[in-house]
């Protein structure tokens, strides 16, 4: 059966589609409390903006377009994410088919994406903008390899579309087209692709896609870059100078190993001696891919040396190293050895990973009393809503964080949910509110309902004065009853008379 599934991209895609349907069903069955990225999407889906803060807006635009038609729900948050992630796998398979002669190897390369922790597990757990980045990276690889093999106006435009989408999905995507451009230069047979007239409309298309956000960026550079720079520099952990450079280079090495180790070990274990014999094989396409990965990683070395980055995360390497599995299978195919035994050993890895990932996604929520680590999805928002609205319903909700705001938006799909000073000054909706307004926040820790000075100050600046601060504490969902999560809240009357 597994051999039939991996016979072509079509059969493998059907198998993958069934897997993603199971992921959707599992998310719908689990508590409808949103994790941080989901909550941000829920909150941001009220607005169509050129920029939203530290993350580029592509995923937000997609989510806004869907929510504006269907309304907010758990389905609307889960289904688009899984479709985009499925698209990542599909275009990766199509990219593999451009460089691999064997249709079976291309299908297996596509399915093998699940062995990359950042793709198989982390993208399903909590990430959204990274899912868009993965999709754009696969789309770019497909257009890039198609252009090298058989250039058409369509393949060039595909590169332009992927580049535009990638740049407004995650800023680190910019490394990929730069690395691809440099990687092609030494290959005489493909160098002409870089001076082809069809590259111009591709560039124009990419610019048009990026333009709305690019016009927003200069006036909002601080809000767009500060959180990322803070995570990259980790100043509280690394002193300036050589110690910071050393920590940054070490974190880069650890991130690379964390990204590539598992699939390499699995493929090496399956193909055994054939894998090590294949490492010496080469071809023009192999050399291009090698240069792409090396140039991308050198760009991160430059970030460490010249931007002071000391904390490189694995997911930042997605556009640099996603091509790894195509590279490994291309090495095996180019070695011109019998791969049948290795393929038979490797095929079962994919369904095993599917079962393991679904089990992790389930057990991390329902088994927290055994694990001891409580997730945001275990916060009992439905219980809070039942308690808070037993006697009255809000006409407006003012939240202290995006986590609170997004979850309240899901619970009250017809009620505006706002955060002070986003997207503009104060809370203008308060002045027009006729009826009870719910102000709700959380503290620094799970059992701390203390209102933060910053949020309290923003409320005062917005003309909202809290008559009484109250606390609501409920046990975590699926917990042992001993651990709880607390929120603070206050009811005020709207400003409209």
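Glycine residues also receive a Cβ, built from the backbone N, Cα and C atoms like all the rest.
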Can you identify, from 43-63, 127-147, the stretch that Swiss-Prot calls transmembrane segment?
127-147
Would you mind telling me which of 228-248, 249-269 Swiss-Prot tags as transmembrane segment?
249-269
Of the residue ranges 292-312, 376-396, which one carries the transmembrane segment annotation in Swiss-Prot?
292-312
Grab the same-chain neighbours of the transmembrane segment (199-219) for me: Cβ-Cβ under 8 Å, and only residues 6 or more beyond its ends, written as numbers and ranges.
49-51, 56-57, 153, 156-157, 159-161, 163-165, 167-168, 193
Same chain, outside the transmembrane segment (104-124) by at least 6, Cβ under 8 Å from its Cβ: which residues?
5-9, 11-13, 15-16, 23, 85, 88-90, 92-93, 96-97, 130-131, 134, 258-259, 262-263, 266-267, 314-315, 317-318, 322, 324-326, 329, 332-333, 339, 343, 346-347, 349-350, 353-354, 357, 360-361
Cβ pairs under 8 Å between the transmembrane segment (14-34) and the transmembrane segment (292-312), at least three:
no
Counting a contact as 3 or more Cβ pairs under 8 Å, with residues at least 6 apart in sequence, do the transmembrane segment (127-147) and the transmembrane segment (321-341) touch?
yes
I need to check the long-range neighbours of the transmembrane segment (321-341): which residues 6 or more away from its ends have a CB within less than 8 Å of a CB in the stretch?
92, 95-96, 99-102, 105-106, 108-109, 112-113, 115-116, 119, 134, 137-138, 141, 256, 259-260, 263-264, 267, 271, 274-275, 277-283, 285-286, 289-290, 292-293, 296
